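Heads up, the thing below is written out as structure tokens.
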Amino acid sequence: MRKDVRILLVGEPKVGKTSLIMSLVSEEFPDEVPPRAEEITIPADVTPERVPTHIVDYSEAEQSDEQLYQEITKANVICIVYSVNNKKSIEKVTSHWIPLINERTDKDSRVPLILVGNKSDLVEHSSMETILPIMNQYSEIETCVECSAKNLKNISELFYYAQKAVLHPTGPLYSPEEKEMKPSCIKALTRIFKISDLDNDGILNDNELNFFQRTCFNIPLAPQALEDVKNVVRKNMTDGVKDNGLTLKGFLFLHTLFIQRGRHETTWTVLRRFGYDDDLELTQEYLFPLFKIPPDCTTELNHNAYLFLQSVFDKHDKDRDCALSPDELKDLFKVFPYMPWGPDVNNTVCTNEQGWITYQGYLSQWTLTTYLDVQRCLEYLGYLGYSIIQEQESQAAAITVTRNKRIDLQKKQTQRSVFRCNVLGARGCGKSGFLQAFLGRNLVRQKRIREDHKSYYAISTTYVYGQEKYLLLHEVLPDVEFLSEADLACDVVCLVYDISNPRSFEYCAKVYKKHFMDSKTPCVIIAAKSDLHEARQYYSLSPLDFCRKHKLHPPQLFTCNTTEAPSKDLYTKLTTMAMYPHMTQADLKNSTFWLRASVGATVFAVLGFAMYKALLKQR
């Protein structure tokens with residue numbers, strides 16, 4: 001909403017523009033009226049809308065045309081004043097003033113106009129019969145007011161309507177010609193309805209209506225008031241109320257009624273509470289709240305954010321199969337202006353046999369977005385109405401900023417839940433297969449993935465000492481010389497080589513020696529395609545001898561050419577190394593250590609899924 005309002009009064013000489021301003025300020029008719037009143041500012045605390053208001057007078061005798069044009073450009077609303085007892089001044093409204101104003105303003109952003117019939121004390125009849133056709137002809141005219149500066153009739157109302165025309169304009173909401181709401185308004189209110197429909201049954205029940213009422217107006221509706229609202233809808237349409245709740249059609253009808261009855265402020269209050277600006281676009285302040293991330297820190301969703309996202313999933317998982325079908329996913333994202341997840345997401349997270357994103361995959365994708373692009377995560381949470389449903393100041397309340405990694409190293413412990421593993425290796429060595437295996441896909445399933453749907457990320461959960469952690473794998477394109485800082489910034493590194501290709505290991509050795517030999521980032525050598533015949537590597541040292549020389553863990557055998565889903569043990573090891581980068585190689589080689597780290601991983605995974613299924617049944 002605007003921080004102030006600038007009102008300009010124009011019209012023919014002697015129609016009473018200056019008298020109107022002076023009567024408002026002094027609350028009495030002036031004995032002497034100057035040719036033009038100085039600009040006055042009404043403080044916010046004495047205006048109904050609590051917004052500072054500047055009132056500007058125009059005098060043809062004292063100002064040039066250029067000065068008039070400048071004032072028209074600066075004005076938020078223009079009052080065209082005519083005298084109800086002067087037919088010529090009424091004619092000038094359409095023959096001179098409206099065309100002049102429209103010439104000086106953009107067609108797509110017309111300044112709202114108020115027609116003001118002054119000197120109503122001098123006539124017994126109304127000018128409305130003459131004015132109404134003009135109002136119907138020009139959609140930029142918000143309203144018409146008849147008043148009298150002499151007896152103070154409708155003076156304060158005039159300036160209130162002028163304020164209202166700026167702060168709660170009709171133009172973006174409603175088409176007088178069509179007598180219906182504009183598409184952009186319907187779209188915004190439909191999103192608001194879907195967010196407020198907490199159980200996604202297409203109806204706002206009494207609890208949801210009361211939550212909506214408290215959210216927008218800070219007061220609940222009494223039971224009788226709720227019934228009165230629904231009765232108004234019932235009397236005007238057959239499908240506005242269903243199962244004693246308000247349907248989308250009924251919700252839209254109510255707002256149409258508010259607008260038609262001059263209660264624009266009601267609809268605008270709702271729109272602004274849900275983040276919309278005067279052009280019915282979500283504001284940048286709403287979508288992207290101020291959020292700073294110190295160096296060497298990462299971003300994660302907190303517990304309340306996960307609970308919210310779980311409720312969104314549950315709301316749209318209609319068949320309760322713990323996965324989102326394409327239709328369910330499309331329905332979930334109807335509150336977005338675009339589809340945020342492409343087909344690559346299905347190859348980034350866990351899916352079921354039908355290729356649908358599972359409950360775990362859904363949470364994983366949100367975790368990935370938060371980690372890699374927190375601003376986009378804030379935007380997405382804004383579309384879902386996080387701050388409104390969770391009653392928070394902004395989406396920033398959903399994000400936890402982890403402490404500096406150097407502090408974690410010093411203290412030899414971390415509170416982080418998301419760890420990044422960059423996967424490097426020569427072209428064709430099996431990096432993509434390594435990522436997809438983490439999602440439970442063997443070689444047969446991987447061959448079904450289209451090249452244009454490929455993802456360079458994979459994220460899922462692992463369990464270390466009974467704690468659920470997210471491991472984010474990122475496949476880095478092969479380029480020894482020009483690896484970027486982003487390619488090197490991670491918690492653990494996987495150097496993958498193809499044991500059947502004699503030239504594959506050389507790339508891993510070069511990357512390690514150039515970029516990681518002197519770093520504190522843990523590294524693991526992965527001997528991929530271990531189901532194939534092992535070829536001797538064309539390098540001065542064998543992979544095993546290379547690892548011994550550089551005090552690395554021996555090469556880890558890996559294959560995704562299995563009948564069942566590939567084992568996740570290796571990924572648990574990677575997560576553990578990322579969590580405990582200070583551990584010595586002797587510790588990491590200790591089989592008892594790995595046993596303790598991975599114990600219960602399968603049990604915890606199964607238990608977590610079973611608990612979610614049980615919760616669904618309870619609901």
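Placed from the backbone N, Cα and C atoms, the Cβ positions cover glycine too.
Over the topological domain 'Cytoplasmic' (1-593) the predicted model carries a mean pLDDT of 93. According to Swiss-Prot, the topological domain 'Cytoplasmic' annotation covers 1-593.
Among the features that Swiss-Prot reports, domain 'Miro 1' is placed at 2-168, with the record citing sequence analysis.
Residues or ranges marked as GTP 1 binding site by Swiss-Prot: Lys14, Gly16, Lys17, Thr18, Ser19, Ser59, Asn118, Lys119, Asp121, Ala149, Lys150. Asn118 (GTP 1 binding site) carries a strand DSSP state (E or B). Cβ environment of Asn118 (GTP 1 binding site): Val15, Gly16, Lys17, Ser19, Leu20, Val81, Tyr82, Ser83, Val84, Cys147, Ser148, Ala149 lie under 8 Å away, each six or more residues apart in the same chain.
Look at Swiss-Prot and you will find Thr18, Pro35, Asp57 tagged as Mg(2+) 1 binding site, backed by similarity to another entry. Counting every protein chain shown, 21 other Cβ atoms lie within 10 Å of the Cβ of Thr18 (Mg(2+) 1 binding site). In the three-state DSSP classification, Thr18 (Mg(2+) 1 binding site) falls within a helix.
Residues annotated as Ca(2+) 1 binding site in Swiss-Prot, with sequence analysis given as evidence: Asp197, Asp199, Asp201, Glu208. Residue density at Asp201 (Ca(2+) 1 binding site): 14 other Cβ atoms are found within 10 A of its Cβ, drawing on all protein chains shown.
Positions annotated as domain 'EF-hand 2' by Swiss-Prot, on the basis of sequence analysis: 304-339.
Among the features that Swiss-Prot reports, Ca(2+) 2 binding site is placed at Asp317, Asp319, Asp321, Ala323, Glu328, with the record citing similarity to another entry. Around the Cβ of Asp317 (Ca(2+) 2 binding site), the number of neighbouring Cβ atoms within 10 Å comes to 19.
The feature domain 'Miro 2' is assigned by Swiss-Prot to 416-580, with sequence analysis given as support.
Residues near Cys560 (GTP 2 binding site) in space but far in sequence (CB under 8 A, at least 6 apart, same chain), listed by position: Gly430, Gly433, Phe434, Gln436, Ala437, Arg441, Asn442, Leu443, Gln446, Pro566. In this structure, Cys560 (GTP 2 binding site) belongs to neither helix nor strand by DSSP; it is coil. What Swiss-Prot lists as GTP 2 binding site is Arg427, Cys429, Gly430, Lys431, Ser432, Gly433, Lys447, Lys529, Asp531, Thr559, Cys560, and the listing cites similarity to another entry.
Taken from Swiss-Prot, the feature Mg(2+) 2 binding site applies to Arg427, supported by similarity to another entry. Under DSSP, Arg427 (GTP 2 binding site) is assigned to coil, being neither helix nor strand in the three-state scheme.
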Let me know the DSSP-derived helix, strand or coil state of Glu208 (Ca(2+) 1 binding site), please.
helix
Using DSSP, would you call Asp197 (Ca(2+) 1 binding site) helix, strand or coil?
coil
Spatial separation of Asp531 (GTP 2 binding site) from Asp199 (Ca(2+) 1 binding site) - C-alpha basis, Å:
49
Among Asp57, Glu328, the binding-site residues in question, whose Cβ has the most other Cβ atoms within 10 Å in this structure?
Asp57
What is the nearest of the binding-site residues Lys14, Asp57, Asp121, Lys150, Glu208 to Asp531 (GTP 2 binding site), using the Cα of each?
Glu208
State the Cα to Cα distance, in Å, between Ala323 (Ca(2+) 2 binding site) and Thr18 (Mg(2+) 1 binding site), rounded to an integer.
68
Using Cα positions only, nearest of the binding-site residues to Glu328 (Ca(2+) 2 binding site) (Asp57, Arg427, Ser432):
Ser432
Any idea which of the binding-site residues Asp197, Asp199, Glu208, Asp319, Asp321 has the thinnest Cβ neighbourhood at 10 Å?
Asp319
Taking only the binding-site residues Thr18, Pro35, Glu208, Asp317, which one has a CA atom nearest to the CA atom of Lys447 (GTP 2 binding site)?
Asp317
